[in-house]
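Since the structure comes first, as structure tokens, the remarks are kept for the end.
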Amino acid sequence: MKPDAHQVKQFLLNLQDTICQQLTAVDGAEFVEDSWQREAGGGGRSRVLRNGGVFEQAGVNFSHVHGEAMPASATAHRPELAGRSFEAMGVSLVVHPHNPYVPTSHANVRFFIAEKPGAEPVWWFGGGFDLTPFYGFEEDAIHWHRTARDLCLPFGEDVYPRYKKWCDDYFYLKHRNEQRGIGGLFVDDLNTPDFDHCFAFMQAVGKGYTDAYLPIVERRKAMAYGERERNFQLYRRGRYVEFNLVWDRGTLFGLQTGGRTESILMSMPPLVRWEYDYQPKDGSPEAALSEFIKVRDWV
């Protein structure tokens with residue numbers, strides 16, 4: 001089937017609505033919407049929930065941008081895209097909870113198509129979700145990865161292990177020699193066997209995110225915490241900032257294409273701290289995190 005960008009766009013708009021409704025149901029606070037237009041073509045809807053009952057900040061962004069030429073970040077990766085017009089659309093979200101025992105989560109689903117007269121379109125889907133705990137709970141990690149595995153199974157036995165490994169490899173801070181979190185799923189350049197199959201998988205990922213995340217939020221949101229845990233959460237949020245600004249392809253693509261900076265940087269935590277040569281106390285829960293986030297098979 002020929003790629004249907006309109007169908008994808010409608011799914012993404014509905015997905016943004018659904019996820020915002022689900023997060024509001026857990027938190028009680030409402031999202032504020034900011035609709036925007038991109039001068040070079042396209043626009044989007046940025047939605048932010050701030051200082052809620054559970055979430056310090058949650059951002060759920062829909063964007064649909066188009067242009068006559070590809071940016072350097074994309075043509076370096078895919079030289080066959082040079083000289084083509086493009087459309088890129090997606091939903092991207094990051095949730096930063098108040099409680100340090102509730103992990104930060106990120107999800108993204110996206111579609112890209114590049115066309116020129118007289119040639120077949122070049123298109124692909126991408127996306128996934130990943131979890132960044134500050135304090136590790138095995139039952140949470142197992143639930144997260146089991147949900148990811150189960151949504152992948154209808155698409156093939158090898159899908160979950162392949163996209164889990166890709167996620168582990170992608171969300172890695174080379175300059176720190178550590179994972180960003182415990183991973184999940186990550187896929188890019190997905191265009192086989194055909195459009196319908198790939199679109200169905202992207203829909204499963206988009207819908208599976210809240211199935212994976214919200215039970216963990218419910219389990220941890222009322223746990224008591226103090227200044228020690230909060231300080232550690234703010235320190236570890238620094239890793240999130242470092243990854244997004246140094247390594248994340250999506251952030252670089254957005255900034256290089258003249259994307260909307262406020263929306264691109266909506267993933268940043270509202271508060272964060274760095275501390276020179278921080279070393280957690282031996283045997284402390286904080287010290288245990290470095291071992292917990294090492295790559296392993298959770299299911």
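Each residue, glycine too, has its Cβ placed from N, Cα and C.
Quick look at what Swiss-Prot annotates:
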- His106: active site, proton donor (ACT_SITE)
- Ser92, Asn108, Val109, Arg110, Gly258, Gly259, Arg260: substrate binding site (BINDING)
- His96, His106, His145, His175: Mn(2+) binding site (BINDING)
- 240-275: region 'Important for dimerization' (REGION)
- His175: site 'Important for dimerization' (SITE)
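Structure coloured by features recorded in Swiss-Prot.
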residue: Ser92; record: substrate binding site; contacts (Cβ under 8 Å, 6+ apart): Val60, Asn61, Ser63, His106, Ala107, Asn108, Arg110, Gly250, Ser267
residue: His96; record: Mn(2+) binding site; contacts (Cβ under 8 Å, 6+ apart): Phe55, Glu56, Gln57, Ala58, Thr104, Arg237, Pro269, Pro270
residue: Val109; record: substrate binding site; contacts (Cβ under 8 Å, 6+ apart): Leu12, Leu15, Gly90, Val91, Phe125, Gly126, Gly127, Met202, Val205, Gly206
residue: His145; record: Mn(2+) binding site; contacts (Cβ under 8 Å, 6+ apart): Lys164, Ile182, Gly183, Gly184, Trp298, Val299
residue: His175; record: Mn(2+) binding site; contacts (Cβ under 8 Å, 6+ apart): Glu242, Val246
residue: Gly258; record: substrate binding site; contacts (Cβ under 8 Å, 6+ apart): Arg38, Glu39, Ala40
residue: Gly259; record: substrate binding site; contacts (Cβ under 8 Å, 6+ apart): Arg38, Ser63, Val65, Phe253
residue: Arg260; record: substrate binding site; contacts (Cβ under 8 Å, 6+ apart): Trp36, Arg38, Gly44, Ser46, Ser63, Gly254
So what pLDDT does the region 'Important for dimerization' (240-275) average out to?
90
Is it possible to get the count of other C-beta atoms within 10 angstroms of the C-beta of Arg110 (substrate binding site)?
21
DSSP-assigned states of the region 'Important for dimerization' (240-275) in counts, ordered helix, strand, coil
22 helix, 0 strand, 14 coil
I need the most crowded of these recorded positions: His106, Asn108. Count other C-beta atoms within 10 angstroms of each C-beta and give me the top one.
His106
